[in-house]
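Enquirer: The S-adenosyl-L-homocysteine binding site annotation in Swiss-Prot covers Tyr24, Cys67, Asn72, Asp104, Leu105, Ser139, Phe140, and the record cites experimental evidence as its basis. Sequence annotations record features per position, and here Swiss-Prot assigns 1,3,7-trimethylurate binding site to Thr31, Tyr157, His160, Trp161, Arg226, Phe322. Here Swiss-Prot flags Asn178, Asp264, Phe266, Asn267 as Mg(2+) binding site. Annotation comment: Swiss-Prot describes His154, Arg226, Cys270, Ile318, His333 as site 'Involved in substrate discrimination'.
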Amino acid sequence: MELATRGKVKEVLFMNTGEGESSYVQNSSFTEKVASMAMPALENAVETLFSKDFHLFQAINAADLGCATGPNTFAVISTIKRMMEKKCRELNCQTLELQVYMNDLFGNDFNTLFKGLSSKVIGNKCEEVSCYVMGVPGSFHGRLFPRNSLHLVHSSYSVHWLTQAPKGLTSREGLALNKGRIYISKTSPPVVREAYLSQFHEDFTMFLNARSQEVVPNGCMVLILRGRQSSDPSDMQSCFIWELLAIAIAELVSQGLIDEDKLDTFNIPCYFPSLEEVKDIVERDGSFTIDHMEGFELDSLQMQENDKWVRGEKFAKIVRAFTEPIISNQFGHEIMDKLYDKFTHIVVSDLEAKLPKTTSIILVLSKIVG
């Protein structure tokens, strides 16, 4: 099934479910590190809410968009609650309530997510801040909440996913324009780069438009997304995962295990923007001001092991956890073990040349009044 429509992507875009060896719960260490790097921005956002007297409303409504199933969303809840308690003590204010909405697409494993919730995360109802948690399935590219209902929005490593594979990647004759690749590469024609940027522009604008209606004036958004430092979208730093996956798929094509047409017609619905591209879209939309924006780099392999096979296998599991549902939809569930085994071998070979660092973008926005 080609990912050419929004409805189809919604059905297959989610992290690996459950708590098994290939699950996102067991393989979210990298996004956990990214989230921890961005926690100061979230803490500052909560401080800002109190400086704008939102605590006088006695309840703060927060949403974590694209929450997935791992421990990261629990860290977000704990951080917001801890900062609210800190400000309550400083301001000697009365007991506050925190309502947290955890959102993701319908395929997300909400059962595992809620099973992981504990009193450690949400506390009890007699504390300074009473915390209530609710699941909200649906696409954040459209409306999810009533108008002017959210004070704080958080999203980590979700906004770079697209609603569909970019439009216009086949010629008038029906030929694939990104043949042999699943993302932008050095060999991709300019039209592929333009199509990806255009799709991200359209989708991120929809995201901002929906939030502009849901977030209260002066409310805050803290967004963390995968991005790039270079102005070139085919820079290896931003596309090496998709390059290595495409090589693994191509090898299985050469072995007759995957139809070549399936590779040629598959384009991953994801885009890693530059800081300039993100800034331009926010300013064009005009609903939010940029309070803070920065890019930071992390080693793609956040591991201490010296054994390159151990490191390669762990990295492959991390990638499998967030790519398998959408990859298996195109190429078949029965081929996944072979594909990711091949991917592991390719990663280990690349470790000799050292994998590029991964760039993340932190974006803190405030809803414009009026």
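Cβ coordinates come from backbone N, Cα and C, glycine included.
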Enquirer: Just counting, how many other CB atoms are there within 10 A of the CB of Asp264 (Mg(2+) binding site)?
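Expert: So the Cβ neighbour count for Asp264 (Mg(2+) binding site) comes to 19.
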Enquirer: Three-state secondary structure of His154 (site 'Involved in substrate discrimination') from DSSP?
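Expert: DSSP call for His154 (site 'Involved in substrate discrimination'): strand.
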Enquirer: Of His154, Arg226, His333, which of the recorded positions has the most Cβ neighbours inside 10 Å?
Expert: His154
Enquirer: Among the binding-site residues listed here, Thr31, Asn72, Asn178, Asn267, which has the most company in the form of other Cβ atoms within 10 Å of its Cβ?
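Expert: Result for the most crowded candidate: Asn267.
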Enquirer: Determine, using Cα-Cα distances only, which of these binding-site residues is closest to Ile318 (site 'Involved in substrate discrimination'): Cys67, Asp264, Phe266.
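Expert: That would be Cys67, the closest of Cys67, Asp264, Phe266 to Ile318 (site 'Involved in substrate discrimination').
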Enquirer: Using a 10 Å radius around each Cβ and all protein chains in view, which of these recorded positions has the most neighbours: Leu105, Cys270?
Expert: Cys270
Enquirer: Can you give me the Cα-Cα distance between Asn178 (Mg(2+) binding site) and Tyr24 (S-adenosyl-L-homocysteine binding site) in Å, rounded to a whole number?
Expert: 29
Enquirer: Checking the contact step here: among the binding-site residues Phe140, Tyr157, Trp161, which have a Cα within 10 Å of the Cα of Cys270 (site 'Involved in substrate discrimination')?
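Expert: Hits: Trp161.
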Enquirer: Other than Thr31, Tyr157, His160, Trp161, Arg226, Phe322, which residues of the same chain sit close to 1,3,7-trimethylurate? List them in sequence order, counting a residue when its Cβ is within 8 Å of the Cβ centroid of the site.
Expert: Ser156, Ser158, Leu225, Cys270
Enquirer: If you draw a 10 Å sphere around the Cβ of Ile318 (site 'Involved in substrate discrimination'), how many other Cβ atoms fall inside it, taking every protein chain shown into account?
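Expert: For Ile318 (site 'Involved in substrate discrimination'), the count of other Cβ atoms within 10 Å is 22.
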Enquirer: Among the binding-site residues Thr31, Trp161, Phe266, which ones place their C-alpha within 10 angstroms of the C-alpha of His333 (site 'Involved in substrate discrimination')?
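Expert: For His333 (site 'Involved in substrate discrimination'), the binding-site residues whose Cα atoms are within 10 Å come to none.
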Enquirer: Calculate the distance in Å between the alpha carbons (Cα) of Phe140 (S-adenosyl-L-homocysteine binding site) and Asn267 (Mg(2+) binding site), and round it to a whole number.
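Expert: Asn267 (Mg(2+) binding site) has its Cα 21 Å from the Cα of Phe140 (S-adenosyl-L-homocysteine binding site).
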